[in-house]
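Novice: Sharing a structure with you now.
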């Protein structure tokens, strides 16, 4: 081939093609030689040539674009230049080039070459490919191979792509046969240049050549989990321990039966059911009536004082109900005044992280210096039918997309910030990096978003060309659109088989509330338009599935979920209220309807519920006044918690009062209502104090953690529980006294002004539950064999749950928080299934001193004097181990691109006027009037950084670079990629901050998100250490997932502190270390079992479930502490005391908290929100069931076996089951006018 003989078509745009010839190479003239050396280098200074000057001009123009992107790696550029120069001008061209097709040019009538075979030596081909495969185009986080080789994976694919005849590619078809040519032809084999050559003329930097990169220290490997066969070592150890325990119990039991250790003196004897005689207890003298406590009591002195206090309090409140209720209303009303400052935090940055936490401060820094992360709207289109291979790449679908995007661009809404009749459109809000078009990442961008350019005949070729070389099909906003951003569901580079189309609208974000309001107004119009799309006659979507999401979608859908959940919560509370009212009234034991109307406790139940609500209102009001905002977790969880605690105490107080009344009636004791209220509170008040104080302390300690959602809950809950306790021992006692007087006066519940005739059919003293506990359940449970079986069963359950804890996952899938019918669920499903690109991550350098040489060397990567472990080099090395770094793409190193933009070889980039070197040229200025910025610089531009701009000169060039728009002639201009990446302080003439962008690997699960953040944080810490500058990572999702970095140790710390606090309070108030330890053990087992159930039921650990675990601590105390205290104050041996405790308190716990909460929880199962079903129904059901099992089965068994041996002053072997034969410390209080009191046995 020699010379040019015209174009392939008659179009004036058809490039001239080579002439076929069969002549020897020519010796160039001096001018020809000079041009040849200028284009192809010194290798052609003494050689003949098969190309003329016109061919050299065409060659230079064709490879100039490639030079701008590959010259950062000299080896790649030298190999590319050598290859194309040898092909075009080598005097031995005929030995490796075979012309396979020609035609006559319609322009000149001469023959032109239209197709050739080129034989390339495989060794050179591999060296050529290897020298270019790692070269980056950082501005767009691309590899140069994506641009020059179509993402080739080997040299054959690279050469085949280079040889394709297409617009922006080869002007005629070049084929590269793999077989060796027949002699005398031989493959082209010029000298190959390697990126790690020692010669500076070819050696590349670490960024573009892995062979010269430093090797990062390997990360500490996580020790492989220990396994024995398919079983983990933990499971095996627990199994062996349990087997040994069972064997020990069996052996011990056998030894006892054979008499080796004597007989058990604590065997259980069935309690007779006949009424016993009354027992009269004498009191000492010399004390006032109200202060008399039997000296035989074994309770500590301060416990006796607490009983005196509660007795007096009960009498006082019952004697003055109006004053007590009014005072309670005034106090709670005063505290509730804070509701005037009530506000709810829904912003995630105010829920999951503390404002003082590092991730919150980093987000604020990023927003302040670079603007908040973009507001994104995204559309996903998939095929609705089983198309061939499921591909969505069809002409009809693409045309639908053109029309859809046009309609969205035309959406307009009124501007809410102005009174003028001004409408807002997409163009007013979108990101415009070059001010020439909105950033809309869509396949339609390959045709500039213009359907008229979409040809039915050529669209497939255009699609193939643009997906393999995006830089040749730039959209209006001037940045290449990578196929991975707009297509999904394809294998390798088979883009035509894509199963999903993605359209992403990128809107600017701002700290300006007025702008955000305008953006939200337009986004609402976008959502409305997309939701109505299936019913829009202008769009036929029958063949596709269209999913979408907007920036406002998540918040809107979550609010909708919360609104639907309100009804569920209300129904749950109403169901519990109805049960409480019915159960407290003993209605099923009344003998007639008149008695039912009197015995009903509906008003009393409402009073108990109102006390719960009042405590919540007062707690919220107090903290609102203090400026602590409420959260959705508090609104959904606190009522459940306080109601659980409150209802339990209501049952205990009411049922104990009923027992006192029954006992007084049987003993013909005319004790007043106030006296009976005092006795009730004296007996049960200390236990209620124990539970309330333990829960308040446990929750209060949680207020010191850094996670606002948890700390706010803890503080609100602590105060609400304490206020509920205060109101229950005062206001509820007043309610109880009023209700008792109404009942004894035979007045109708809810209508106390109506009275019925007195009837004698009073309710039986014991109901079904009490009788079941007394006659069946307690005797059965406390048999020796049953107790041992219970111990072994609960230990087995405990061990089984421990084995599940390692499988507990972290996170909160946002789909769980959405209503079942939310359009976002299918959107997220398709996003996870098809989207191939992870979220962007920015490594932000605070300061960094890039205006100084030392700072430049710490940041750069493409210059020989860059530090070995500079920021650019470390990020590049981390990219090469994506399985641990979670980084998928080359980082955009603005400093490298800026300095390469100054390279005079890129003669259309940085230019100054020849007449005034201080004045920059723009793209439209006359080329003859301009020259490259560094064309005459001394020292010249070089890869050592020597002579590169610093200080004021650096900022002057930087300003011009950041305002230069990239184009085909100068893709390194910085306006599109870096304008928002650098913050400059003009007053101090310094760079305050800059970021370096890359992308995570695809994140599809909660674990992926957590590990991506963990890896980015590790890399940033490494960069800070190596560069000496503060570096932190930022991505839009970090705020949500930062909590999981330390949520496991936080959970362990919170629960441990809570359990220890409960144990300490129990020890102090029970005066029994052994009983306190038993309570602690039961609480720990309940919590561990709940965590194990969470793992089995796929309930992840997050802030919501952590709050639920804290609730588990509180409710566990309710199940355990009342029964434990009842055990201590009873007389007799351990079995007798456990029996009495089960009868007196266990039945109240079962009928109160267990059944009440099961009724309320059952309603939650029908919630439309998965978050309620998973995180509330499942977890609360586990808490209640496991709490009841441990509190009503395991705890009494433990107490009967190893509980405190010092009971009341009854005989330890007495199995008569007296209610409290020696309970003077608990009940033997004197009436004011009597020095004796009769306490009845049940």
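Think of each number as a place in line: the chain as shown, counted from 1.
Using N, Cα and C of the backbone, Cβ positions are placed for all residues, glycine too.
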Novice: Per TrEMBL, which of 215-235, 236-256, 257-277 is transmembrane segment?
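Specialist: Going through 215-235, 236-256, 257-277 one by one, TrEMBL gives transmembrane segment for 236-256.
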Novice: Could you tell me which of the ranges 1130-1148, 1149-1167 is annotated in TrEMBL as transmembrane segment?
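Specialist: Among 1130-1148, 1149-1167, the range TrEMBL annotates as transmembrane segment is 1149-1167.
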Novice: Ranges 528-548, 549-569, 570-590, 759-779: which does TrEMBL label transmembrane segment?
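Specialist: That would be 570-590, per the transmembrane segment entry in TrEMBL.
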Novice: Please determine whether the transmembrane segment (632-654) and the transmembrane segment (788-805) are in contact (criterion: at least three Cβ-Cβ distances under 8 Å, sequence separation 6 or more).
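Specialist: Counting Cβ pairs under 8 Å, fewer than 3, so no.
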Novice: Using Cβ distances below 8 Å and needing 3 or more such pairs, separated by at least 6 in sequence, tell me whether the transmembrane segment (1052-1070) contacts the transmembrane segment (688-707).
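Specialist: Yes, the transmembrane segment (1052-1070) and the transmembrane segment (688-707) are in contact.
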Novice: Please work out whether the transmembrane segment (602-626) lies in contact with the transmembrane segment (713-738), by counting C-beta pairs under 8 angstroms that are 6 or more apart in sequence and asking whether there are at least 3.
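Specialist: Checked: the transmembrane segment (602-626) vs the transmembrane segment (713-738), in contact.
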Novice: Going along the chain, which residues at least six beyond the ends of the transmembrane segment (713-738) come within the CB cut-off of under 8 Å?
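Specialist: The answer is 310, 313-314, 317-322, 324-325, 327-328, 332, 335, 604, 607-608, 611-612, 614-616, 618-620, 622-623, 628, 630-631, 633-634, 637-638, 641-642, 645-646, 649-650, 653-654, 657, 673-674, 677, 680-681, 685, 688-689, 692, 695-697, 699-703, 705, 1107, 1110-1111, 1114.
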Novice: Which residues of the chain, 6 or more past the ends of the transmembrane segment (688-707), have a CB below 8 A from one of its CBs?
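Specialist: The answer is 306, 310, 352-354, 356-357, 645, 649, 652-653, 713-715, 717-719, 721-722, 724-725, 728-729, 1043, 1050, 1054, 1057-1059, 1061-1062, 1065-1066, 1069-1070, 1103, 1110, 1113-1114, 1117-1118, 1121-1122, 1125.
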Novice: Give residue numbers and ranges for long-range contacts of the transmembrane segment (788-805): same chain, 6 or more residues beyond its ends, CB-CB under 8 A.
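Specialist: Cβ under 8 Å, 6 or more out: 232, 234-235, 238-239, 241-242, 245-246, 249, 253, 781, 1085, 1088-1089, 1091-1093, 1095-1096, 1189-1190, 1193-1194, 1197-1198, 1201.
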